[in-house]
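Input: a single structure, listed below in structure tokens.
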Amino acid sequence: MTMDRYVITGKQRLEGSIRTSGAKNASLPLMAAAILADGKTGLQGIPHLTDILCMGEVLKSLGCKTQFSSNELTIDSSSLNDCIVDEALMRKMRASNLILGPMLARNGRVKISRPGGCAIGTRPMDQHIKGLQELGVRVEERHGYIEATAGKLRGGDVYLDIPSVGATENIMMAAVLTEGTTIIRNAAREPEIVDLQNLLNKMGARIRGAGTHVLRIDGVAKLKSTEHTVIPDRIEAGTHMVAAVMTGGDILVENVIPEHISPIIAKLRQGGAEVTPYGDSVRVRQKGQFKALEIKTLVYPGFPTDMQPQFLALLTIADGTSIVSETIFENRFQHVAELRRMGARITVEGRTAIINGRPNLEGAFVEATDLRAGAALFLAALAAEEGTVLERIDHIDRGYEDLKEKYRALGAKIQRVVKQ
Ligand SMILES: CC(=O)N[C@H]1[C@@H](OP(=O)(O)OP(=O)(O)OC[C@H]2O[C@@H](n3ccc(=O)[nH]c3=O)[C@H](O)[C@@H]2O)O[C@H](CO)[C@@H](O)[C@@H]1O
Ligand SMILES: C=C(OP(=O)(O)O)C(=O)O
């Protein structure tokens, strides 16, 4: 874990172009899906992030060979030699639970350390397990490990109580190599599910319905090697768009799929920002003061929970009183205490934050408690008067590629101080 920190001098107007990297949350399931091919999978546009490196370690521990250079990742899964993911790797990154489905489909058994809760919530796996059981998987939990065995996987009819992104992905990946047809009802509709369907179908799978609430997967006997380019990161793009507004700037965010960021565009326009899509770019300009908003996080295509902290930071300097309701994760307001250190006026009642905007934030010593909390504090620091020291930026390294370099090119004053 890095103990590096950012030292940021705020109040610089940001201007210019910034290129969005490939999506972390699409790349991780695509990497897990590579387990399903009996050969090499080539993935392009994969961002250099600690989460990606960690997933690479998980795959290596299962016998895959990986090569990663210039955002191109090759995963060779022709020989899998182990089925156990140890606790240290699981603790580093929850998304390593995405190997459950593909390992069961390819190898018939797998053992992972049960992921614990994390800063943003308890994050149980009951929907993943329920779905896998419906496909004929036996699941036992012992000594903190989930052991799953599938004699022969069969198609099944799965109803998810909540449209969980990870559960939908895991069940899709388990179902592709079964005999028979699997239906997933109340499936997640996020763009990352569509990207996963696209890769799997290129590999020879027969999946329909991604992007809707019902997925149909007709099992096939074998999947082949293929290549795929990951979709752009809609949360990274959204973070840059908020940066433009918070610094009174003018930024062209490149490599976006405008439809994926439609709730972000809508909310920024509602607050008074000028947002103009140009093909696969979007220009965001802010003149004058941004206005207070009401925001409620929802599953896609609703407002994404992964943008809630960044918008909350923006609303601390908006004109008027804003209300932000978090409906996805039960503990995703840890950035509030840190933003208060910067002068923000926020009260939290249950899952609702009430923000009384003020003209300016003040630089302070603050600490990232999780990835998007870190992004929110980074944005707050860019807008604040004087300097901010932002600690625990290892959280930010999980999800933002070349952040310092990208923002320096826009005119931000940032130093990364390496702690010896
Ligand atoms: C790597 C990745 O893609 N991470 C994203 C993914 O996480 P992840 O896939 O973990 O999120 P889920 O959609 O599964 O979780 C949503 C809610 O459902 C609950 N739940 C989930 C599964 C389950 O079996 N039981 C259960 O109760 C969770 O605790 C949470 O409260 O989607 C989240 C919601 O958009 C995003 O914030 C994360 O950035
Ligand atoms: C919560 C996030 O990621 P993860 O699900 O990997 O914790 C995120 O990307 O904001």
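Heads up, the Cβ atoms here are built off N, Cα and C, so glycines get one too.
So that you can see what the record holds, here are the features copied from TrEMBL:
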| type | residues | note |
| --- | --- | --- |
| ACT_SITE | Cys118 | active site, proton donor |
| BINDING | Lys24, Asn25 | phosphoenolpyruvate binding site |
| BINDING | Arg94, Arg123, Pro124, Met125, Asp126, Gln127, Asp306, Ile328 | UDP-N-acetyl-alpha-D-glucosamine binding site |
| DOMAIN | 9-406 | domain 'Enolpyruvate transferase' |
| MOD_RES | Cys118 | 2-(S-cysteinyl)pyruvic acid O-phosphothioketal |
Minimum Cα separation from Arg94 (UDP-N-acetyl-alpha-D-glucosamine binding site), reported as the residue among recorded positions Lys24, Asn25, Cys118 that achieves it: Cys118
Max CA-CA distance, Å, over listed UDP-N-acetyl-alpha-D-glucosamine-binding residues Arg94, Arg123, Pro124, Met125, Asp126, Gln127, Asp306, Ile328: 22
Shortest C-alpha distance to Pro124 (UDP-N-acetyl-alpha-D-glucosamine binding site) - which of the recorded positions Lys24, Asn25, Cys118: Cys118
Chain-internal residues near Asp126 (UDP-N-acetyl-alpha-D-glucosamine binding site), provided their CB is under 8 angstroms and they sit 6+ positions away: none
Alpha-carbon distance [the residue listed as 'active site, proton donor'; Met125 (UDP-N-acetyl-alpha-D-glucosamine binding site)] in Å: 13
Distance, Ile328 (UDP-N-acetyl-alpha-D-glucosamine binding site) to Asn25 (phosphoenolpyruvate binding site) (CA atoms, angstrom): 16
Which of Cys118, Met125, the listed recorded positions, has fewest other Cβ atoms within 10 Å: Cys118
Listed binding-site residues with Cβ under 6 Å from ligand 2, out of Arg94, Arg123, Met125, Asp126, Gln127, Ile328: Arg94
Per-residue Cβ crowding (10 Å cut-off), top of binding-site residues Lys24, Arg94, Arg123: Lys24
List of residues, in chain order, with Cβ under 8 A from that of Asp306 (UDP-N-acetyl-alpha-D-glucosamine binding site) and at least 6 apart: Asn25, Ile235, Arg372
Cβ neighbours within the same chain of Gln127 (UDP-N-acetyl-alpha-D-glucosamine binding site) - under 8 Å, at least six residues apart: Leu160, Asp161, Ile162, Ser164, Ala167
DSSP-derived structure type at Asp126 (UDP-N-acetyl-alpha-D-glucosamine binding site), helix or strand or else coil: helix
Binding-site residues: Asn25, Pro124, Ile328 - member with fewest neighbouring CB atoms within 10 Å: Pro124
